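Pulled from TrEMBL, these are the features on record:
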type     : residues                       : note
SIGNAL   : 1-31                           : signal peptide
DOMAIN   : 44-605                         : domain 'Plant heme peroxidase family profile'
BINDING  : GLY354, ASP356, SER358, GLU370 : Ca(2+) 1 binding site
DISULFID : CYS404-CYS601                  : disulfide bond
BINDING  : PRO447                         : substrate binding site
BINDING  : HIS477                         : heme b binding site
BINDING  : THR478, ASP525, THR528, ASP533 : Ca(2+) 2 binding site
DISULFID : CYS484-CYS511                  : disulfide bond
Amino acid sequence: MASSVASFNSKFYLVISSLLLVTSHFCVTVAQKLCANSGGTLRSFYDSSCPNLESVIRKQLQKVFKNDIGQAAGLLRLHFHDCFVQGCEGSVLLDGSSSEPSEKDARPNLTLRPEAFKIIDDLRRRVHKQCGRVVSCSDITTLTARDAVFLSGGPDYDVPLGRRDNLDFAWRNVTLANVPAPTSTTNALLTSLATKNLDATDVVALSGGHTIGIGLQGVFTSDEDLYTVRRTRGIVTSFAVNQTLFFEKFVDAMMKMGQLNVLTGTQGEIRANSNDAFLASNVDESEEKWSQFEGGFGCPKTKGGSVFTLCILCSRNSSRRSSRRILAKLLACFASIFMTALFSFNCVLVRCKGCDGSVLLDGSHSGPSEKDAPPNLTLRTRAFKIIDDLRRRVHEECGRVVSCADIVALAARDAVFLSGGPDYDVPLGRKDGLNFATRDATLANLPSPTSNASAILASLATKNLDATDVVALSGGHTIGIGHCSSFTPRLYPSQDPTMDKTFANDLKHICSPPPPDSNNTTLLDIRTPNTFDNKYYVDLMNRQGLFTSDQDLYTDAKTRDIVESFAIDQTLFFDKFVHAMIKMGQLSVLTGGHGEIRCNCSVRNSDNKSFLTYMAEDDEESRSELR
């Protein structure tokens, strides 16, 4: 198991031929020049506007590293990945979108620690509170890298300041095209970094940043080959026997790298948020996107012909401002009520049933229902209430012609779309089942969160769902929460070796040792918990999947490549997710004369006294009209 290396020293070079630490491989793009911008950077840049800048950052980092020194390597690596792509201008911090993936979405950056981004933005918040918005995120990132080195036992040095933040990020394909692979030879690495005016001594010195971090022996050729190749072997040896020389050359190289294509003067901006360069325009765009739901027409129609799930919250006379409040409520509501889980649990339950709304039915003391079985106990009570509220609204609008099963399918689709995911047409015409599955059938057909990938694949193969379908549907965990009881076996009595150590320590603060507090929950996706995107798969690649059933998708060779492909390409994930949802939505559906249209989603019509009374009165009225 990988372990943290807390001391920044020259011992990296003593074992470089066999020891590899996976803290970074360099991310490089098109040829760049040394800083030639007017004004340049100065060590005294913030002496007047923010005199306590460096002490604010260092004091906070001392607290961070006291809790987890492993974060030092993540912050140093983040600085490397920023500077070698477009320059030291904070572009690696920017978030992208489903239509425009950012640098951090490119494959070489997927293993950057999410905590590093959070630390940078927390430091930005503290600095701006102290001094106002005068210090750039790129300067904060540069100072943080310096302090990560120093507080790990490395050299201290002055950092020229005055950088500005870039307004845009590099395209993902540009980043991919210019990033040396971890299997790169030294010759390839030297040739690539020479375009940044970095020579062999710089490259070997910067590689010494691998003296802190975590990794496994013998992983990267780009490290081992530094000692194998004659051009760099002597430099490696000199640093191994003379730490002072290594420190001196490391500082020289860091200063040199820190000047790559920086923005100064009136170029760029000072971001108010480290990951968003277009806050104002995004607000305008969001208002425009959601203005279609404003007043005058009530609740809009869905593609399937029934009332859109916005009926929960929409207002006939909502203003532009209230439409934004509606959007916020929708995201908070749908991202957390497990609509996709409710749909999945309804459809994949048993082969002989399927998407027939049986999971909605209440049981009794004499006959517990599907929702009373352990796998379904964590489904949100609020989700069931919302479905029946939607049923009431739809039936008021159209009469009792739309089944609860169809409403669940539409609600799942809209939960995905309104959380940032893909929109798609839903085949409709399902009828509601007349019975629910037994407790034993429920247990036998719903894979446990402690199941491994092989067990899940075998189980869902009986539903005609293949490995790509399974991995895609698991991506529904990009929104929502998980209960401690579902993953504490990965924490106690010993930590699951496939779980990131820092992630595990964070979870231990939430979940006590068994028997855990079943009411405690945590986010399923730590990167973008309220957005339906592909970051769930990035979590898995960083060993930050919450459930065994999640993380083992990346561990298992049968599904690992699929996870990686979705982490790299969100469009591909969305395509496969939609395909799998439609496929799952057709499982053993009831149509035509089969099943019924329930008057209450939780009660069969034959057990619904209000419905039977209504039907009797309706029959009597019909007979009276015929007399």
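Cβ atoms are placed via backbone N, Cα and C, with glycine included.
All annotation found in TrEMBL is predicted automatically rather than curated by experts.
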Residue with minimal Cβ packing [other Cβ atoms within 10 Å] among the binding-site residues ASP356, ASP533: ASP533
Any further residue of that chain within 8 Å (Cβ to the Cβ centroid of THR478, ASP525, THR528, ASP533) of the recorded Ca(2+) 2 site: ILE479, ARG527, PRO529, THR531, PHE532, ASN534, LYS535, TYR536
Sparsest Cβ surroundings (other CB atoms within 10 Å) among the binding-site residues SER358, THR478, THR528: THR528
The one of GLY354, PRO447 whose CB sees the fewest other CB atoms within 10 Å, among these binding-site residues: PRO447
Distance from CYS601 (disulfide bond) back to GLU370 (Ca(2+) 1 binding site), taken between C-alpha atoms, in Å: 14
Per-residue Cβ crowding (10 Å cut-off), top of disulfide-bonded residues CYS404, CYS484, CYS511, CYS601: CYS404
Cα within 10 Å of CYS404 (disulfide bond) - qualifying binding-site residues among GLY354, PRO447, HIS477, ASP525: none
Count of other CB atoms lying within 10 Å of the CB belonging to HIS477 (heme b binding site): 24
Candidate nearest SER358 (Ca(2+) 1 binding site) in space, where candidates are the recorded positions HIS477, THR478, ASP525, ASP533, CYS601 and distance is Cα-Cα: CYS601
Around the Cβ of ASP525 (Ca(2+) 2 binding site), the count of other Cβ atoms that are within 10 Å: 28
Distance check against CYS484 (disulfide bond) for the binding-site residues GLY354, ASP356, THR478, ASP525, THR528, keeping those with Cα within 10 Å: none
CYS511 (disulfide bond) and ASP356 (Ca(2+) 1 binding site), distance between Cα atoms, whole Å: 36
Closest of GLY354, PRO447, HIS477, CYS511, CYS601 to THR528 (Ca(2+) 2 binding site), Cα positions, recorded positions only: HIS477
Using Cα positions only, nearest of the recorded positions to ASP525 (Ca(2+) 2 binding site) (GLY354, PRO447, CYS511, CYS601): CYS511
Rounded Cα separation (Å) that holds between GLY354 (Ca(2+) 1 binding site) and PRO447 (substrate binding site): 15
